[in-house]
Structure formats: C-alpha cells, structure tokens
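Asker: Pasting in a structure now, in structure tokens, and then I'll have a few things to ask.
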Amino acid sequence: MDFGLSGEPGDGNDIRVYCYCGRVSYGEMIGCDDDQCQREWFHLGCLDVTSPPKGEWVCDECKARHEKERAC
C-alpha cells in the first residue's frame with residue numbers, strides 16, 4: 001500500500017520532511033553525502049547558499065558525528 005511517502009525530493013509526491021527546518025521538499029535542495037544522514041536533503045536557503053557546493057558535501061550534523069567517531 002502506497003501512502004504517498006515515496007518519491008524524490010521536489011517531485012510533488014514526497015510528504016517526508018527534510019532539512020534543519022523539518023519541512024517537506026521544495027525548491028532547490030542538496031543531498032548530504034553521508035549514507036547515515038537522518039535528514040538526507042537540505043534546502044539551499046536554509047543553508048544560506050545560492051548554489052550547491054561543488055564536490056562532496058556533508059551536513060553539519062554528520063560532520064559532528066564523524067568528528068566524535070574519530071575521537072574514540
């Protein structure tokens with residue numbers, strides 16, 4: 001049974017929440033390159049950037065988790 005939870009960010013069928021703001025997908029977004037990221041996708045406006053960064057990008061929460069893991 002499909003409850004409308006599937007779909008890709010921005011396709012209009014995705015009702016999951018993303019980003020630090022906890023809102024649905026809209027506008028241009030960037031995905032965190034950490035496979036374990038809880039939020040997965042981020043609105044460019046919430047990151048205060050106008051275009052996606054080049055190359056690999058990891059959100060602040062995943063960066064902090066990586067640093068904590070390295071400290072152990």
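Even glycines carry a Cβ here, placed using N, Cα and C.
Curation plays no part in TrEMBL annotations; they are all automatic predictions.
Annotations for this protein, taken from TrEMBL, read as follows:
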BINDING   Cys19, Cys21, His43, Cys46  Zn(2+) 1 binding site
BINDING   Cys32, Cys37, Cys59, Cys62  Zn(2+) 2 binding site
DOMAIN    16-65  domain 'PHD-type'
SITE      Tyr18  site 'Histone H3K4me3 binding'
SITE      Met29  site 'Histone H3K4me3 binding'
SITE      Asp33  site 'Histone H3K4me3 binding'
SITE      Trp41  site 'Histone H3K4me3 binding'
Asker: Just to confirm: which same-chain residues, 6+ apart in sequence, have a Cβ under 8 Å from the Cβ of Asp33 (site 'Histone H3K4me3 binding')?
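Answerer: When sequence neighbours closer than 6 are ignored, Asp33 (site 'Histone H3K4me3 binding') has Glu56, Trp57, Val58 within Cβ distance under 8 Å.
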Asker: Just checking, which of Met29, Cys37 (recorded positions) has the fewest C-beta atoms within 10 Å of its C-beta?
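Answerer: Among the recorded positions Met29, Cys37, the lowest count of other Cβ atoms within 10 Å belongs to Cys37.
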Asker: Cα distance, Cys62 (Zn(2+) 2 binding site) to Cys21 (Zn(2+) 1 binding site), nearest Å?
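Answerer: The Cα atom of Cys21 (Zn(2+) 1 binding site) is 16 Å away from the Cα atom of Cys62 (Zn(2+) 2 binding site).
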Asker: Going along the chain, which residues six or more apart from Cys32 (Zn(2+) 2 binding site) have their CB under 8 A from its CB?
Answerer: Arg39, Glu40, Trp41, Phe42, Trp57, Val58, Cys59, Cys62
Asker: Using Cα-Cα distances with a 10 Å cut-off, which of the recorded positions Tyr18, Met29, Cys37 are near His43 (Zn(2+) 1 binding site)?
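Answerer: Of everything listed, what lies within 10 Å of His43 (Zn(2+) 1 binding site) (Cα to Cα) is Tyr18, Met29.
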Asker: Take the C-alpha atoms of Cys46 (Zn(2+) 1 binding site) and Cys37 (Zn(2+) 2 binding site) and report the distance between them in angstrom, rounded.
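Answerer: Computed Cα spacing between Cys46 (Zn(2+) 1 binding site) and Cys37 (Zn(2+) 2 binding site) is 17 Å.
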Asker: Measure from the CA atom of Met29 (site 'Histone H3K4me3 binding') to the CA atom of Tyr18 (site 'Histone H3K4me3 binding') and give the result in Å, rounded to a whole number.
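Answerer: Spelling it out, the Cα of Tyr18 (site 'Histone H3K4me3 binding') and the Cα of Met29 (site 'Histone H3K4me3 binding') are 10 Å apart.
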Asker: Just how many other Cβ atoms lie inside 10 Å of the Cβ on Cys19 (Zn(2+) 1 binding site)?
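Answerer: The answer is 22 other Cβ atoms.
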Asker: Give the residue from the binding-site residues Cys21, Cys59 that has the most other Cβ atoms within 10 Å of its Cβ, counting over every protein chain displayed.
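Answerer: Of Cys21, Cys59, the one with the most crowded Cβ is Cys59.
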Asker: Output the one of Cys46, Cys62 that, of all these binding-site residues, has the highest number of other Cβ atoms within 10 Å of its Cβ.
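Answerer: The largest 10 Å Cβ neighbour count belongs to Cys62.
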